[in-house]
Amino acid sequence: MPRPLSATIHTSALANNLAVARRYAPKSKIWAVVKANAYGHGLARVFPGLRATDGFGLLDLEEAVKLRELGWAGPILLLEGFFRPTDIDVIDRYSLTTALHSDEQLRMLEMARLSKPVNIQLKMNTGMNRLGYTPEKFRAAWERARAAQGVGQITLMTHFSDADGDRGVDYQVQAFERGAQGIAGARSLANSAATLWHPATHFDWVRPGIIMYGASPSGVTAAIEGTGLQPAMTLASELIAVQTLSEGHTVGYGSSFKARGSMRIGVVACGYADGYPRVAPEGTPVIVDGVRTRVVGRVSMDMLTVDLTPVPTANVGSRVELWGTSLPIDDVAQACGTIGYELMCAVAPRVPVRAE
């Protein structure tokens, strides 16, 4: 019999979150970002909930091909572009749109033998300093791309570094406007945070990622209260044992937790080999039988332990929610010093996942 740990992907939540993005950016088309196997949710599992999008954004050619095999005939954007000339053959065969951020990529595209022009999103580096042409070099890149026989429609794009923070987006928008001055074409600037909080950046296409999965771009649950976003993943397990401790008794490796009095603890079938963060400290929230309580002791490879004081009726078989519809993933991530993105992507292959 399998362990009681499993993840559930909520198709209705995905559809709801896409609708939320449309409500925030009603005049823009949407690239629903499904990179990293849909942020750990599974590309095939999220497709039914997100198929009302205008396009999908991802990184891997294999995932792009999989989307085509699932029946998606609309636009697919390769957010990092391509890496070698043979990639362009796949782009051509499957009618993909690609980001283009360097002279090396442009040179490969100029030399490619294509059956039809490739639509590109020409990327400007407005301050993130990862990919793209600087504003000063952008026009020359655009003119070269426009002259290339293998290039079709050109959309202008950039990516924000601080749309969820205090610095905001104004300095990058100004850089973008400077570099794109006088250049015609659709624009794509807004990520999840900008989709929610910076409407002036919406333009023609927005690129929501984390909000498709119901989590906060800032990593703070309160920041998305009132948006209508819903968690798209629930990670749940059960208590597989209950121990009663006396004062001074310890729990787990390193004896890091010591009982201050008589108490019951529950042992949960979930550990760091399942993707739960080993660094989760005492106090990390968890839900047992619908009641919020806390992790105590170190997280082990296959198990973790929780305080049952607030849940006196809990016993073996009691349901445990590690994160999901009753416990925002950002609350868990914040306690662990990380972000919900990482927890989503870290769910291990050995965890059974189903969509509903």
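Cβ coordinates come from backbone N, Cα and C, glycine included.
Taken residue by residue with DSSP, Lys35 (active site, proton acceptor) is part of a helix. Sequence annotations record features per position, and here Swiss-Prot assigns active site, proton acceptor to Lys35 (among others).
The N6-(pyridoxal phosphate)lysine annotation in Swiss-Prot covers Lys35 and is backed by sequence analysis.
A 10 Å cutoff on Cβ-Cβ distances gives Arg130 (substrate binding site) a total of 10 other Cβ atoms nearby, all chains included. Positions annotated as substrate binding site by Swiss-Prot, on the basis of sequence analysis: Arg130, Met301.
The active site, proton acceptor annotation in Swiss-Prot covers Tyr253 (among others). Cβ-based neighbour count (10 Å, all protein chains) for Tyr253 (active site, proton acceptor) stands at 11. According to DSSP, Tyr253 (active site, proton acceptor) is assigned to a helical segment.
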Response to the item:
Across all protein chains shown, the one of the recorded positions Lys35, Met301 with the most other Cβ atoms within 10 Å of its Cβ is Lys35
Item to complete: Give the three-state DSSP assignment (helix, strand or coil) for Arg130 (substrate binding site).
Response: coil
